[in-house]
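The active site, nucleophile annotation in TrEMBL covers Glu105. What TrEMBL records for Glu109 is active site, proton donor. The domain 'GH16' annotation in TrEMBL covers 1-219. The N-linked glycosylation site annotation in TrEMBL covers Asn113.
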Amino acid sequence: MGGSTTKGFNLLVVGVVVVVTTMVGTCSANFYDDFDLTWGENRAKIFNGGQLLSLSLDKVSGSGFRSKKEYMFGRIDMQLKLVSGNSAGTVTAYYLSSEGATHDEIDFEFLGNVSGEPYILHTNVFSQGKGNREQQFYLWFDPTTNFHTYSIIWNPHHITFLVDNIPIRVFKNAESDGVPFPKNQPMRIYSSLWNADDWATRGGLVKTDWSKAPFTAYYRNFKVTGFSATSAFSDVATSEIQNSGKDSVLDAYGRRRLRWVQKYFMVYNYCNDLKRFPEGIPAECSHGRF
């Protein structure tokens, strides 16, 4: 994209989260301080003084981490460099989630592929334990050669998924149509690298090539902007965040970028899967709130 395009999008992002950043500010992370390595033993590592984290997968185990804090609304950014080469069968998951049978969850999942074939970016939204709201995309770049930024903006009115500050999906609150929306449960940040060759690549037809193991993904530049449920922000600040973005999600330029991604890079949208929903598409689909 040219210089004018980049400048235009910077204005879009500021417009989306201006209240959050003004009222609460931004916190850049040190992985030692902000995350726990939760499984995989030495396959999960933090290095470079806490500025870089890696997850690895071999035939014995994958690995994962989670945030020490819970978060309630705001913006989450993380830069990832995905497994390179033949990543078929592997899944790198990066998501927000609460706990329990009626948990809420906001998902990025990166489905690996054979060398030379594109990753699939899988997105989903769970509310009160119910998901099945998948949209999938190809990326317009190779996500294994450099770090790229994957972001979630979450408030009580909408959830926006962004890749390198380009919106790819907006899921709007459709409670007026009887659709639960994740707005009452604080969530932690999780990530994991694991073997899913029973379904991840071509529906499980392509299996993980363990001769290429270990498979490794890298993380850096985690940043959170907004309200943390474990911090004592004022009620005034919380109210401002909850009401920000209620009437508008993206400006005209952002809507054009969203349409561009969904026209040229979307490969699956649950709202268009009539065979899956023979009794009618989900309620949020009929009003464009997916």
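Using N, Cα and C of the backbone, Cβ positions are placed for all residues, glycine too.
The structure displayed is predicted, hence computed values, not measured ones.
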Rounded Cα distance, in Å, between Asn113 (N-linked glycosylation site) and Glu105 (active site, nucleophile) is 25
One finds that other Cβ atoms within 10 Å of the Cβ of the residue listed as 'N-linked glycosylation site' number exactly 19
Around the Cβ of Glu105 (active site, nucleophile), other Cβ atoms within 10 Å, all chains included, total 19
